[in-house]
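Visitor: Found this in TrEMBL, in case it helps:
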REGION    A:333-352  region 'Disordered'
TRANSMEM  A:52-69  transmembrane segment
TRANSMEM  A:76-94  transmembrane segment
TRANSMEM  A:100-122  transmembrane segment
TRANSMEM  A:129-147  transmembrane segment
TRANSMEM  A:167-189  transmembrane segment
TRANSMEM  A:217-237  transmembrane segment
TRANSMEM  A:249-266  transmembrane segment
TRANSMEM  A:273-293  transmembrane segment
TRANSMEM  A:299-316  transmembrane segment
C-alpha cells in the first residue's frame, strides 16, 4: 500500500526516467556493445559517452526553454541565437586579437541581448511569445549571415578547441560545462524563490500580479536566460567544428528543446517546471537519434522511427491514457470480484 | 429574519403577481408568453416555475441580484440551454429554439453586454455575416453595402460601413450589434446590460433608439443594474430572485424601496434594527485614507478613512462599484485622480509590492481568476504574498514555511490532507481560507476583502466571519465589500453605500442596519 502511494505520487517523475531506461535497454539488445565504455588515455569512450557529448548543446537550450515555457511562453529563436553567437565567436577570434575569454563574453552577451529583445516584445509590448520569437527565428539567421558575411568562417583557438572536444577528469569538458550550468540553474530556481515566482506567473499571471510579483520583469528575465543558454550552446557548437556556419548551426534545435520540455511532463500552458526531467527528455531524444544511427537502419527511416517512439512516450504520459489504464484495471478487478460472488461491488472503483 | 415574516412576505408577493397577471390577461394577446419555465443544473434550481408575458411595444426591465436567474432565463429563451419544463409562446405560437441563430430566425434577437461582433472586420461584414447578399451564388459586396446602410439607418447611425468595427466607440459598436439583431425581422429584442460601458450621452442615444423601436411595436427585455435607467425607460419590471419570479410590476406604480426589497428579498418595514454595537472602543489611529480618489468611467471620486480596529463595509447592488472601490484602494487599478495613503505612506503611484510592504492586503472577489494559483500547493499559495514582498533573492526556508503554514492551517481550521496538495483540489471555503492566510502571514495593517464569503458553504461562512471579527479586535483595519447585507451589518462599524459607481452615503454607528442600507440604495 505504501509503495503504491509512492508510485502514485511520483508517477510523473518516473515516466520519463523509465522511458529512457527502456530505450537504452532495447537499443543495447539490438546493438551489441552499445553499453560498453572503454578507457583510452584517461578518457572515457563509448556510445553512452557519445550520447552525452552530443546532447550537451540541446540540453543547454532546453534548460532555457524549460524556464521560458514555465512562464507560459515559448522561445522559437534559440536556433537562430546559436547561429548568431557562433558567428560572433568565429568572427571575433579571426578578426581581433582579443583574449579568448573576452570573445566568449561577447558571444554570451550577444545571446542575452537577443533574449532581451524577445523579452521586451513579449512582456512590454504583449506580443504573443510564439509570434515575438518567430521574428528573431527568421531574422536571426540573417543577422548571423551578415556577421560572417555569408561565409563559413573557420578559426583556430586552443581554448575553444578544448571547449568543443577536450576532456577533463575522463569526461568531455562540454559535458562538465552543461552539468555546471544545470546545477547552477537548479540551485537558483529551488534555493531562491525565483522558481516559485516563475511557476506562479506561468500558472496564473493575474493572481501573481495581485500578490505583488513583478510579472513583467520575471518574464523578461526568462527570455534573457534562454538567450544566454542558447549562446553557450552556440559557442560549443562553433568550437566543435572550429567554424561558424550561419545557415546550419543549431538548425531545428528549438524543436528538440521544446520536445524535451514536454517529455519532462511540463505543459505549454505554463506552470510547473521540471529542470532535471527536461535533461532526461534531452537524453531520450539524443539516445534515440544515436541508437537509430548505430542500429544500421536505412537512413531514410530515421526521422519517422524517432517520431513514432517519441509519440509513444508522450501517449504513455498523457493523463487520458493513464485514466484508461487505471479504468481498465478497476474493471478487471471488479469483474474478478463479481465472478467470485463477492457482494462488495463498486468498492474496487472507490479505492484509488 | 423569522419564518413568520418570510411567509407573510411571500403571501404579499404572490398576491401582487396575481393582480398583474390578471391585468395582463385582460389585454390583447401577448407578444411573448413564458409559462411555468424551469431549468436546473446538477442539483441547482436555476429557474423555478417562471411565468411572464410581454406585450407589443413594451419595454420590460428584468432585474435581480447575482444568481437570480436572469442570464439563465435569457439563455433558455434563446435556446442556448435546453429547458427542463415549461412553454414559450411567441405571437401565440409555441416555439422551441435550438440555438441562438434559430431563436433569431424565429424572431428573438439578443444583444449581449460584451459586444458579440468581430472587431477586426468591417461594419458591413459584421452586419451581413449571418446572411450574405448573393449574385449567382457569389457574395455581392455591392448589395451587402446597400443592405448594411439600410440596417444602420434603422438604428439611426450614419457611419461608414466599410470601416473596421473597432475604429468606432463601444457605444457605436453596441448600436451596430442592435442593428444586426434587428436584421432578421426581430419581434422581440433582448438587451443584456447594454449600458454597462457607456457614458451618459451614449446611453441617451441608446434610449432614443429603444423608444423608437418600441413605437414600431417591438417588445424589448432590458437587463440592467442601474435603477435610474429602469425608471427612465421601462414600462414594467419583472424581478427574479433565486430562480423564482417574484413578480411583474408597472414601473410607474412600484416605488424604488419596494423594488429593492423585492430584489434582495427583504422588506424595509419588517427589518428591525439589530442590536449589534457599531461603535469602536479604542482611539482612532488612521490607517487608510482615500482623498478624492477616482477614475474616469470606473469610479466617481470619493473620500474614505479607515482606522485601526475598524471594519468598514461596502454595500450596494451588483455593478454599483463595490469591487471598483476595493481595487482602487488596494492599488491594483491606479486612480487617475486623488491620493491614497496607508499609515502616512503615499501609495498613489507605488507598486503593489510596496503597498504590501507597508501593510496592505487584498482578497479579490474572483477567487479562481485572481486568487488561487491552482497548480501550486497550499503551502506555496500561502507564502506567495510574503515571499513576493521579501523579493526572490531572500527565500523563506522550507522549515520556516512549514511552520507558518502549519500554524495557519491550525488557526483557520483549513481542511487539507497535507500542505503540499494542489490548492485547486480543495473546496471553495478552504481555498478562501488559504487566500486569507496568505495575507495574514504578511501581518497587514489593512486588509481588503471583496466578497469573502461568496460561494462557500455555511460552516466556512460562519468561520470566516468569526475570523474577520477577531482580526478587527487585534487592531487590524478592514474594508469588506459584500452583497450580503445581513453579514455586513453583523460586523461593520461603518457602511459605505455605493450606487451607479459613486458613493451615495456613509452610515455610522447606530445608523448601520439592513433597513437603512436598503433605504439608501433605493433613494
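Each Cβ is built from the backbone N, Cα and C atoms, and glycine gets one as well.
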Visitor: Would you confirm whether the transmembrane segment (A:167-189) and the transmembrane segment (A:52-69) meet the contact rule of 3 or more C-beta pairs below 8 angstroms, pairs 6 or more apart in sequence?
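Guide: Judged by the Cβ rule, the two regions touch, with the required three close pairs present.
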Visitor: Return the stretch with the most CB pairs under 8 A relative to the transmembrane segment (A:76-94), choosing among A:52-69, A:100-122, A:249-266, A:273-293.
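Guide: Looking at each of A:52-69, A:100-122, A:249-266, A:273-293 in turn, the most contacts to the transmembrane segment (A:76-94) are made by A:100-122.
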Visitor: Might you confirm whether the transmembrane segment (A:52-69) is in contact with the transmembrane segment (A:217-237), defined here as three or more C-beta pairs under 8 A between residues 6 or more apart in sequence?
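Guide: They do touch: at least three Cβ pairs between the two stretches lie under 8 Å.
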Visitor: Please work out whether the transmembrane segment (A:273-293) lies in contact with the transmembrane segment (A:100-122), by counting C-beta pairs under 8 angstroms that are 6 or more apart in sequence and asking whether there are at least 3.
Guide: no
